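> Following this message is one structure expressed as structure tokens.
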Ligand SMILES: NC(=O)C1=CN([C@@H]2O[C@H](COP(=O)(O)OP(=O)(O)OC[C@H]3O[C@@H](n4cnc5c(N)ncnc54)[C@H](OP(=O)(O)O)[C@@H]3O)[C@@H](O)[C@H]2O)C=CC1
Ligand SMILES: CC(=O)C(=O)O
Ligand SMILES: [Mg+2]
């Protein structure tokens, strides 16, 4: 554990109060208080309040206790917070100069240049480094939560600070209110967003074009992360902006990278040659397609032809196996990996596709909990010595299967990861540990690397570099335990490793703008990253940023 973080033990049995500095003492008090709160949502509101009142204490607490705090400030409890947003976290008054949360709506379009330009003087830090922007149209696997999506923007930024060492004052969470199609919110007089139906795709993209331009003009070095946009907007936003600005889509690219890193480990552990892997995706939305295309590209980088790489993938959506001969018009994001054989079978259910393909890996990004049934898990165990099963939908109730179900259904042979955390499982006298395949392992490192390299854009190679950095970050001890991902308590160290890999990839591609870092060795870049990070237990004047 890095020395600057708080002890993760409660005060009882830990250092005595006289041994603790003033911040450490506040952290221990907050931790003790947190543990006394019986209800998850109340724990969330306590931590959110602490973040607002005393960021150093909040980040000291979270950074020293990731395993305990992440499930509260992030998935799964953040989902509950987003669902209850109007009650727990109304927007700050217009006059609030600190802007812990920026809400915009379509009616702001004519004034966006002044509104965003004016942020430079209103925000507490004139060098804003990162913003997470959502329209709340697909929050985790919970659907359209309107401006409740603000919880996700704030949650991701909290991890940028705790795991990636970004200065909290340099982060800006944004929720854009384009209306909502959530009937419960539309009927709720207490809903804090506009009770109107979602605007057309054209209007949203029109707004976003001006928004992205104004953000970049105001904060030219800022990295912008698009988060939890529904698939029909997520892909156009990525394609329109990725060559213009330092931005990325976390659900498409961050998830692509984290799952690729876990898959590289799993392909090694299942002992099947890459050319013999057969990967079945249950869910062909922004994240399913984002992950499938990232792994496909990796296969090409490993020497396969494009056609050979594509032949290793099968996608299933709500209509069944995605194939060009299916008879419906496929949306553009599904076309690249749709099965192209003229006689591709018309299979409707996941079970039929599993039996037909006999995959080595089954990955769920469907939003539908419990869909990897006992029968499907047993089938995976029949086809494979070490079946790969990733139940990646969030939060917990949306996971395609639990870790326990996966262990039991495969008689303990599964290589498993989930999007939200599960506890280890005891089965037939043996202890099994799950992996957490969540983009939280990627975006803090990718983001701080992109910020410190001052990239002009984030090409796909940087996303692949972040996956490689993550795959290489396991300790020999974690590797020996057959883990797919490193211990979450080490996430700062992992993010540093990813940041170095990303900076070097940016330099190789010539998209870096930080001349100070050019020609530096890996060790020198790593020292620069460490120095550039925010440390909650240092005093303000000791911080490099
Ligand atoms: N672990 C992680 O780090 C991440 C996890 N996720 C999770 O991935 C999930 C999906 O996100 P996203 O891709 O944006 O969502 P989308 O809604 O865009 O995609 C969902 C996909 O699942 C399909 N689907 C839905 N219901 C069924 C069903 N009953 N049977 C078969 N297929 C079905 C949809 O089919 P159709 O296309 O026909 O509508 C669609 O292809 C979410 O739960 C999210 O939390 C996302 C990002 C990161
Ligand atoms: C983790 C994440 O980004 C999602 O579930 O949408
Ligand atoms: Mg997301």
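We count from 1, first residue shown onward.
A Cβ is built for glycine as well, from the same backbone N, Cα and C atoms used for every other residue.
No curator has checked TrEMBL annotations; they are predicted automatically.
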> Among 188, 251, indicate the single residue that TrEMBL lists for the divalent metal cation site containing 227, 228.
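Of 188, 251, 251 joins 227, 228 in the divalent metal cation site that TrEMBL records.
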> Which residue of 111, 167, 394 does TrEMBL report at the same (S)-malate site as 138, 438?
394
> With the Cβ atom as the reference point and anything under 6 Å counting, tell me which of the binding-site residues (227, 228, 438) are near ligand 3.
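Listed by sequence, the hits are 227, 228.
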> Considering only the recorded positions 74, 138, 156, which possess a Cβ situated under 6 angstroms from at least one atom of ligand 2?
none
> With respect to ligand 1, which members of the recorded positions 74, 156, 227, 228 satisfy a Cβ distance under 6 angstroms to one of its atoms?
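So the answer is none.
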> Other residues near the divalent metal cation site, CB within 8 A of the CB centroid of 227, 228, 251?
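Leaving out the recorded residues gives 134, 138, 139, 152, 226, 229, 234, 249, 250.
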> If you measure from the CA of residue 138 ((S)-malate binding site) out to 10 Å, which recorded positions from the list 74, 156, 227, 228 are inside that radius?
227, 228
